[in-house]
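Visitor: Sharing a structure here in structure tokens format.
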Amino acid sequence: MLSHDLVEKFNQLINEARASGEPEPEAMNVATLDPDGRLSSRVVLLKGFDARGMVFYTNTLSRKGQALAAHPRAAVCFHWKQLRDGVQVRAEGLVEAVTPEEADAYFATRPRGSQIGAWASEQSQPMPARSTFEDRIAEVEQRFDGQTVPRPPHWSGYRVLPERMEFWFGARFRLHERECYVLMDGQWQQDYLFP
């Protein structure tokens with residue numbers, strides 16, 4: 001669990017990023033290790049944050065889903081260039097699946113087109129032509145015509161449970177400030193790092 005101070009610190013920064021005009025303040029890079037030991041990273045959107053961790057949603061059969069099934073750990077990084085002189089927040093830790101109820105609740109808030117896309121896309125799999133995907137979209141639209149679109153069984157969320165967090169604050173002449181927090185024996189230890 002994150003300490004109250006870490007939750008407050010992150011919330012303050014992401015709210016400042018939102019107010020600063022940062023184009024996508026919820027965008028975070030997520031790095032994973034695939035079943036063959038290769039690193040992979042991609043940008044996803046933060047969809048939940050509290051003392052338990054950082055939540056994002058995806059197709060569980062995608063490359064990232066397969067990587068997290070094999071190695072349930074991730075590193076995430078937010079970079080807010082427009083905030084102050086640049087701010088990064090990094091977190092590393094174990095990853096767990098959200099509950100089906102959490103996934104259902106979030107899926108229900110998505111635009112219908114995104115819900116249809118979650119059924120139609122075999123994310124990360126080869127596609128013979130764009131028309132294949134468009135045909136699948138049309139099939140799914142017809143299947144759920146006039147109905148609520150349920151969450152597909154292969155679509156859910158993951159929660160990154162931070163064990164290490166770093167707050168990086170840019171400064172002139174690369175004299176940055178770095179605050180590092182590490183979870184040790186159930187307690188968060190704080191250190192300042194050289195830039």
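Numbering starts at 1 and runs along the chain as displayed.
Note: Cβ is positioned from N, Cα and C throughout, glycine not excepted.
All TrEMBL annotations are machine predictions without curation.
Small disclaimer: the values here were computed from a predicted structure and weren't measured.
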Visitor: According to TrEMBL, TYR106, ARG110, SER114, ARG174, LEU175, HIS176 bind substrate; identify which of LYS9, LYS47 is listed for that same site.
Guide: LYS47
Visitor: Using DSSP, what's the helix, strand and coil tally for the domain 'Pyridoxine 5'-phosphate oxidase dimerisation C-terminal' (155-195)?
Guide: 3 helix, 30 strand, 8 coil
Visitor: Can you tell me how spread out the substrate site is, meaning the largest CA to CA distance among LYS47, TYR106, ARG110, SER114, ARG174, LEU175, HIS176, in Å?
Guide: 43
Visitor: How many Å lie between the Cα of HIS176 (substrate binding site) and the Cα of ARG63 (FMN binding site)?
Guide: 35
Visitor: For LEU175 (substrate binding site), list the number of other Cβ atoms lying within 10 Å of its Cβ atom.
Guide: 8
